[in-house]
Structures are given as structure tokens and as C-alpha cells.
Amino acid sequence: EKSSLKENQIKALQEQLATAEKKLQVSDISVFETRTEFVGQQKFVDELQRRLEDAEYKLIEGERLRKKLHNTILELKGNIRVFCRVRPLLHDESRSTEGKIFSYPTSMEASGRQIDLAQNGQKHCFTFDKVFIPEVSQEEVFVEISQLVQSALDGYKVCIFAYGQTGSGKTYTMMGRPGHPEEKGLIPRSLEQIFQTKLSQQPQGWKYEMQVSMLEIYNETIRDLMSTNRSSSENGTPGKQYTIKHDASGNTQVSDLTVVDVHSAKEVAFLLNQAANSRSVGKTQMNEQSSRSHFVFTLRIYGVNESTDQQVQGVLNLIDLAGSERLSKSGSTGDRLKETQAINRSLSSLSDVIFALAKKEDHVPFRNSKLTYLLQPCLGGDSKTLMFVNISPDPSSVSESLCSLRFASRVNACEIGTPRRQTNGRATDSRLSYF
């Protein structure tokens with residue numbers, strides 16, 4: 001009985017062993033299949049990783065080539081680039097569809113580059129390098145000029161200026177809306193990009209020094225917006241007589257102008273705020289807080305790479321021109337009338353310079369105003385130059401808008417000098433060079 005019991009137990013254990021061995025065999029097969037699948041997936045992941053790295057490399061190389069070709073195109077073109085920006089309608093302006101004076105063709109050739117203006121049943125068509133509709137954000141506008149800003153760090157002279165009638169959004173485009181970080185303008189965004197790039201290039205051996213100056217041209221007089229001694233000239237006492245000088249290498253200097261070394265975007269933002277408070281503004285019928293002067297912000301960049309012994313000198317000029325306006329519409333009287341006349345004379349001189357350049361005349365009247373003489377290297381030199389023409393969509397401003405667009409179209413057709421990269425060593429004169 002004991003032997004029979006043991007035999008039964010042995011049989012049961014043998015059956016359990018056989019079952020376990022079968023399960024183990026199945027498990028081994030499953031493990032093998034899983035391992036094979038894992039190896040296959042790992043190879044696939046490695047291949048994807050390799051393709052991703054290859055794509056990233058090609059993307060970097062493609063971006064580098066695109067920038068190079070972009071610069072080559074600009075250099076070969078030799079023209080002043082023009083961007084057009086239409087501001088949104090204000091709350092007190094006509095919003096009826098019948099009152100709309102602008103349309104934006106969407107064909108492949110015209111999309112984002114053409115703007116049509118309707119006046120008295122007649123349509124006027126204009127094509128620029130870029131057209132921004134009213135809904136476009138400040139960030140989207142800056143993306144389009146960010147490469148141009150980068151050129152200043154690469155050793156080029158860069159000039160960006162805003163033109164348009166009073167109330168068309170020039171100062172908003174350049175400076176933004178105070179207290180609203182998402183609406184920062186081109187100047188603060190450009191500075192942020194430059195200082196961020198400065199930090200990112202430090203591991204590559206680049207070290208940069210930067211200097212800032214700010215001035216305004218008011219009634220054909222240069223004012224230093226960072227001077228600590230402005231009260232004498234503002235009270236009628238003759239102040240410093242700032243003079244514009246061009247040297248043989250194409251650099252421009254303004255005598256006795258305050259120049260400040262800067263190390264961060266916050267420092268420059270503080271100086272910009274000071275300059276904005278010092279700038280000449282006044283109330284006209286066109287605008288409650290109208291800029292009555294041409295504002296010129298200049299950042300000079302000196303870079304050296306100790307590992308490659310490479311040196312670059314770049315200049316970034318950001319200019320907010322005073323508003324163009326008809327005397328009859330601005331309602332200016334007294335001092336405001338004199339200001340408006342001075343503004344219109346300087347802008348008229350700018351037009352004369354543009355027309356002379358467009359016609360390739362032997363004599364270009366740069367000396368007819370302080371503004372054109374200061375801008376001479378931008379308009380007739382080796383600078384990368386971009387103009388923003390700012391337009392109001394208000395039907396009552398259609399005549400001024402048409403004049404601005406016609407002027408901008410002539411500017412876009414002007415051929416200027418080929419931009420040159422400044423790779424020489426630092427000048428012996430440490431004063432700021434413009435343009």
C-alpha cells in the first residue's frame with residue numbers, strides 16, 4: 001500500500017514536472033521572441049536616432065546656408081528693404097466694411113507682400129518685401145527682422161527706421177506698449193536677442209563690448225537724450241552744439257554725444273525709459289501724444305574671439321521718425337506749427353535724397369537736413385537698411401496713407417551700396433561710431 005501510494009505521488013509529481021517543463025519551454029520561447037523583438041526595436045530606435053541627428057545636422061547646415069544665401073541676395077540686390085505694417089482700427093474709427101480702404105491679395109505671388117488701397121473707386125497696388133496685416137502681433141513682426149539684428153553681431157552696420165504719418169503706429173512698432181511685456185516693440189526685442197546671443201556665443205570664445213547712445217533731431221537741432229545736463233538748453237540757454245562727422249571709412253560720429261557702456265538688456269531698458277521721458281512730444285489733432293522729433297537709438301558692438309583671433313565691429317541703428325502730417329489736418333499753431341514745418345522739411349529732404357538715389361543722380365542732397373546727413377551711410381553707404389512704412393486704416397487718412405505707400409515704393413526701388421562686414425580691429429577712438 002505504501003509502495004502504491006508512493007508510486008501515485010511519483011506519477012503526480014512527474015506530471016507536474018512535465019507541465020512545468022512545458023511551461024518553461026513556452027516561457028523560453030516567449031523570452032526569446034521578446035528579446036528578438038526588443039533587439040529589433042532597439043535597432044529601429046538607433047536608426048531613428050541616427051536619422052534624427054542627421055536631420056538636425058542638415059537643418060543646422062541648411063539654416064546656415066539659408067542665412068548665407070539670404071545675405072548674398074541682400075548684398076547682390078543692394079536695395080533698401082521695405083516692410084509695410086497696417087495698424088488696427090481704433091475704437092473711435094469707422095469699422096464698416098464699406099469704409100475699408102485696404103485689401104490684401106492672397107495669390108501665391110502676392111500673399112504677404114502686396115497691399116491694395118482703394119480711393120474714390122480707384123485701386124492702387126503696392127508690393128513690398130513684407131506686408132503685415134493689422135492682426136499680426138509684435139512677436140511675428142520681430143521674427144521677420146531677427147536675422148537683420150543678428151547681422152549687427154556678425155559685424156555689419158544695420159539700420160531699421162519707421163516712417164509714416166502721425167498716429168500710424170511707428171512708436172508702437174519700435175518701442176511697444178509700456179507695461180505690456182507681450183507688446184514689446186522692435187527695440188527692446190532686438191536688445192534681448194543680442195544679449196541672449198552674446199551669452200550663447202561665450203562657449204565658442206566670443207567676448208563682446210557694447211555701447212549705447214540716444215539722440216533726437218528736434219527743429220533741426222540735435223539733442224542728447226542721455227545727457228545729464230539738459231536743463232540749460234531747455235531753458236533757452238545755448239547748450240552743446242553737436243556736429244555730425246563722417247570719416248573716410250564710412251563711420252559717422254556725433255561730437256560730444258553721451259556714450260554709455262552696457263552689459264545687459266535691463267540696463268538698456270532703463271536708459272530707453274529715461275530717453276523716452278526726455279523726448280519731445282506734443283499734442284496735435286492727429287494724436288494726443290505725438291512724437292515731435294526724430295529719435296535715433298544706436299548700439300555699437302565690438303566682438304573678439306580669442307581662440308580664432310577674429311574681430312568684428314557691428315552697429316545697430318533703430319530710428320523712430322517724427323510723424324508726417326499735413327498742416328491743415330494736424331491743426332498745429334505757434335510752436336507746434338514750427339515743429340510741424342521743421343518735421344515736414346526734414347522728411348521732404350529725405351524724399352529728395354530717395355528720389356536722387358532712385359534716379360542715380362551724381363549729386364545726392366544729404367546735407368539738406370540733419371536727418372539725411374545723419375542717415376547718409378544707411379542710404380548711400382554699406383549698411384543693411386530696412387524701412388517700416390506704418391499705415392493707418394482710418395478712411396479719413398487715405399490720402400496720407402497713399403502718399404506714404406508711394407514714398408515707400410520709391411524707397412524700395414533705391415539701390416544703395418553693398419553691405420560690408422566690419423572685421424577690422426577696434427578703432428583707436430573709443431567714441432561711438434554710427435551707421
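Cβ from N, Cα, C; glycine included.
Database features (TrEMBL):
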- 3-65: coiled coil (COILED)
- 79-414: domain 'Kinesin motor' (DOMAIN)
- Gly164, Gln165, Thr166, Gly167, Ser168, Gly169, Lys170, Thr171: ATP binding site (BINDING)
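In the shown protein chains, 30 other C-beta atoms lie within 10 A of the C-beta of Ser168 (ATP binding site). Working note on the binding-site residues Gly164, Gly167: by count of other C-beta atoms within 10 Å of each C-beta, Gly164 ranks first.
Summed and averaged per residue, pLDDT over the coiled coil (3-65) gives 89. Other C-beta atoms found within 10 angstroms of the C-beta of Gly169 (ATP binding site) number 20, with every protein chain shown included. In the shown protein chains, 28 other C-beta atoms lie within 10 A of the C-beta of Lys170 (ATP binding site).
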